[in-house]
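Trainee: Input: one structure, supplied below.
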Amino acid sequence: MKTYYEQDANVGLLQGKTVAVIGYGSQGHAQAQNLRDSGVEVVVGVRPGKSFEVAKADGFKVMSVSEAVRTAQVVQMLLPDEQQAHVYKAEVEENLREGQMLLFSHGFNIHFGQINPPSYVDVAMVAPKSPGHLVRRVFQEGNGVPALVAVHQDATGTALHVALAYAKGVGCTRAGVIETTFQEETETDLFGEQAVLCGGVTALVKAGFETLTEGGYRPEIAYFECLHELKLIVDLMYEGGLTNMRHSISDTAEFGDYVTGSRIVTDETKKEMKRVLTEIQQGEFAKKWILENQAGRPTYNAMKKAEQNHQLEKVGEELREMMSWIHAPKELVKK
């Protein structure tokens, strides 16, 4: 595994160049501000609206996506996956010129062929492994978050060096930047989200909650046992792995972990995980998601509404009112 650190990258390669950050959401605002603090000239390309005004208030030169691409030597695409292909076709593609670098923080659109850059530009990825607010906060504290780096197309012969310079400007070389490929990053990222981090965990939490409430236990107690305390366990794993978590819990809980976990996540579960991975590898999920967006997201919206109305959500909202230390966001935002 090749990992790059501060001494392996030269942010000076970006001096005299302009970086265009396309999109000013969670990653956009974090990466743009970190780059600026590292002495890099940054412009923000967004359409008129809330993000435009926020970027302007943050002191950036804000312009249309087309103008930003024409202005910059490095173009970082930080729009949501489902918006990138349309914006690329409409405002980016015709404004690209020889020797520019097209950057991404997720490989979805390149790997699944939704964006096909011309052969005369570099195409690379710098993917911080943290949500934007942490990318920014940790940088301001003098540290950095780990990242992945990949080169899809090296037209200039310097793509990796420029990508590492960008990673250093964002602060990621302070922690370490691991070399990967667009394929590996995309497929593992989607699998982790679907089978473990999002799909797997939410299904497990709901199933546990429903099992207890259907067994006659009060919803409030079920919420505490199946969702609220999850953060305590995940924090222990985050800090020191499974061994640290098991060292920190009671022996009763640890024994229950060993004898029961494999009854819940069974061999059949793992077989289904492999089927999910195959669907991702073969592009079936990507096709499904692309078609869903083209159709106006009917399935997505229906499932989202149903999930928001689950009893677990209603109970949780009431219980969190008792917890003054939890600062629930007034407005839900994409991290």
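Note that the numbers count up from 1, one per residue, in the order the chain is shown.
In case you wondered, yes, glycine gets a Cβ from its N, Cα and C as well.
Heads up, here are the entries from Swiss-Prot:
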- His106: active site (ACT_SITE)
- Tyr24, Gly25, Ser26, Gln27, Arg47, Ser51, Asp81, Glu82, Gln83, Gln84, Gly132: NADP(+) binding site (BINDING)
- Asp189, Glu193: Mg(2+) 1 binding site (BINDING)
- Asp189, Glu225, Glu229: Mg(2+) 2 binding site (BINDING)
- Ser250: substrate binding site (BINDING)
- 1-180: domain 'KARI N-terminal Rossmann' (DOMAIN)
- 181-326: domain 'KARI C-terminal knotted' (DOMAIN)
Trainee: Between the Cα atoms of Arg47 (NADP(+) binding site) and His106 (active site), what distance do you get, rounded to the nearest Å?
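Mentor: Checking the Cα atoms of Arg47 (NADP(+) binding site) and His106 (active site) gives a distance of 21 Å.
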Trainee: Cα of Gly132 (NADP(+) binding site) to Cα of the residue listed as 'substrate binding site': how many Å, rounded?
Mentor: 35
Trainee: If I take every residue in the domain 'KARI C-terminal knotted' (181-326) and average their pLDDT values, what number comes out?
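Mentor: Average per-residue pLDDT within the domain 'KARI C-terminal knotted' (181-326): 97.
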Trainee: Fewest neighbouring Cβ atoms within 10 Å: which of the binding-site residues Tyr24, Glu225?
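Mentor: The binding-site residues Tyr24, Glu225 were compared, and Glu225 has the fewest Cβ atoms within 10 Å.
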Trainee: Among the binding-site residues listed here, Asp81, Glu229, which has the most company in the form of other Cβ atoms within 10 Å of its Cβ?
Mentor: Asp81
Trainee: Would you pick out, from the binding-site residues Asp189, Glu193, the residue whose Cβ has the largest number of other Cβ atoms within 10 Å?
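Mentor: Max Cβ neighbours within 10 Å, all protein chains included: Asp189.
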Trainee: Here are the recorded positions: Arg47, His106. Which has the lowest count of other Cβ atoms within 10 Å?
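Mentor: Candidates: the recorded positions Arg47, His106. Fewest Cβ atoms within 10 Å: Arg47.
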Trainee: Record lists Tyr24, Gly25, Ser26, Gln27, Arg47, Ser51, Asp81, Glu82, Gln83, Gln84, Gly132 as binding NADP(+); longest Cα-Cα distance in Å?
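Mentor: This binding site's residues have a maximal Cα-Cα distance of 20 Å.
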Trainee: For Ser250 (substrate binding site), just give me the three-state DSSP call.
Mentor: coil
Trainee: Taking Cα atoms as reference points, rank the recorded positions His106, Asp189, Glu193, Ser250 by distance from Ser26 (NADP(+) binding site) and give the first.
Mentor: His106
Trainee: Between the residue listed as 'substrate binding site' and Glu229 (Mg(2+) 2 binding site), what is the CA-CA distance rounded to a whole number of Å?
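Mentor: Per the Cα atoms, the residue listed as 'substrate binding site' and Glu229 (Mg(2+) 2 binding site) stand 14 Å apart.
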Trainee: Would you mind sorting out which of Tyr24, Asp81, His106, Glu225, Glu229 (the recorded positions) have a C-alpha within 10 A of the one on Asp189 (Mg(2+) 1 binding site)?
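Mentor: Neighbours among recorded positions, in sequence order: His106.
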